[in-house]
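Report on the structure given below.
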Amino acid sequence: MHDIRLIRSEPENFDKALSRRGFEPVSKTILEMDGERRTLALELQTLQTKRNEVSRQIGQAMKQGEKDKAEEMKAEVSAIKEKMAALEGEEAALGDKLQRFLSTIPNLAAEDVPEGKDEQDNKEVFRWGEPRQFSFKPKEHADFAPALGLDFDTAAAMSGARFALMKGAMARLNRAIGQYMLDCQTEKNGFTEIAPPLLVRDHALFGTGQLPKFEEDLFHTTDDRWLIPTAEVCLTNIVRESILDEKALPLRFTALTPCFRAEAGAAGRDTRGLIRQHQFDKVEMVAITTPEQSTAEQMRMVECAEQILQNLKLPYRRVLLCTGDMGFSATRTYDLEVWLPGQNCYREISSISDCGAFQARRMNTRYRPEEGKGNAAVHTLNGSGLAVGRTLVAILENYQEEDGTVTIPEVLHPYMNGITKLEII
């Protein structure tokens, strides 16, 4: 959500910044609605002052025995109250209309974010690791992993497309990946582990920016709850409607959860394999911090995610997303893209975003600065640390052998109960 005071004071700059994200100017529309609401608020204030004055005069008239005059003024007060009630309803309706409009406008991009339309305009800023040189033509995981226990057909029979069922060592490897990532974030990187609910109310998704704009991408239950598309929703909403002490910041939360996405806009894309599923596991990182520390905190989170890829010896690159490819709530986003030899390309495996004060204003989350007066909006950040399914894909493709087996990375051996290779079953 945007600060209406900023739009009032710098409407041209607001429109200019919004145009970088491919949006038409909206400050005029916003200020017209805001002006109408403020005019009504001023009229209400004037009427309240008049009501109070007439009420005072009624008391004086009663003391002086002027009952008829007092009765006339009582009728005047009743008329004022009726008019105020009508104006209050109009003001509330205008306020709701303004808030609904503001809630559909994306965050503004940071100055260092490259301007562009889509992923073709993203900027690669770092690359790690050299792709493995195979002595055979590497396959896509969807072509050989079913023989190792990755069952798409059985999952489709019970749930439909974009679901997977894992058996035996494959299931254990999937579990090991998530557990290893969670251990890294909690034991090495200082995140507090959270076990959150998987169903949330509207206000939680509004706070992080998924609602109202992206309803079609979510699963909605009949009792008006929503399956979480990411643990970001739960972890960020921990501080909803809170005023935090600056000395308590940063707060860092992490969770390993299933995530659920309708993928309404992904028809025909990534229909094979694990890349795009309705249900998948992910380790999420969330940080709550001050405006002064948010950029440094974002880079720290990037490093937390990259360290896992390096420990798994998976080649990857870091990409700074352009204005047209960023998520709705982000002011700056880095994507980590892992090398998939079967597809002969890099694919996103983590997205780490600084959302500035955008989500904090939607959640009404503030902090008390140690120096100075008043409260200020916190900055929120989120990122994958990492997506479990896509990490499994990366391991399958990068560690595949010519005989169809897959060697398991050494750092996962402690979680595998002696299993060091996925064998054909």
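Backbone N, Cα and C define each Cβ position, glycine as well.
Remember, predicted model here, so these are calculated numbers, not experimental data.
Quick look at what Swiss-Prot annotates:
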BINDING   Thr230, Ala231, Glu232, Glu284, Ser384  L-serine binding site
BINDING   Arg261, Ala262, Glu263, Glu348, Ile349, Ser350, Ser351  ATP binding site
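Residue environment of Ala231 (L-serine binding site) contains 26 other Cβ atoms, counted within 10 Å of its Cβ in all protein chains. For the binding site of ATP, formed by Arg261, Ala262, Glu263, Glu348, Ile349, Ser350, Ser351 according to the record, the largest Cα to Cα distance is 19 Å, rounded to a whole number. Arg261 (ATP binding site) sits 9 Å from Thr230 (L-serine binding site), taking the Cα positions as reference.
The least crowded of the binding-site residues Ala262, Ile349, judged by other CB atoms within 10 A of its own CB, is Ala262. Taking the C-alpha positions, the distance from Glu232 (L-serine binding site) to Ile349 (ATP binding site) comes to 16 Å. Cα of Ser350 (ATP binding site) to Cα of Ser384 (L-serine binding site): a distance of 5 Å.
Arg261 (ATP binding site) counts 20 other C-beta atoms within 10 Å of its own C-beta, drawing on all protein chains shown.
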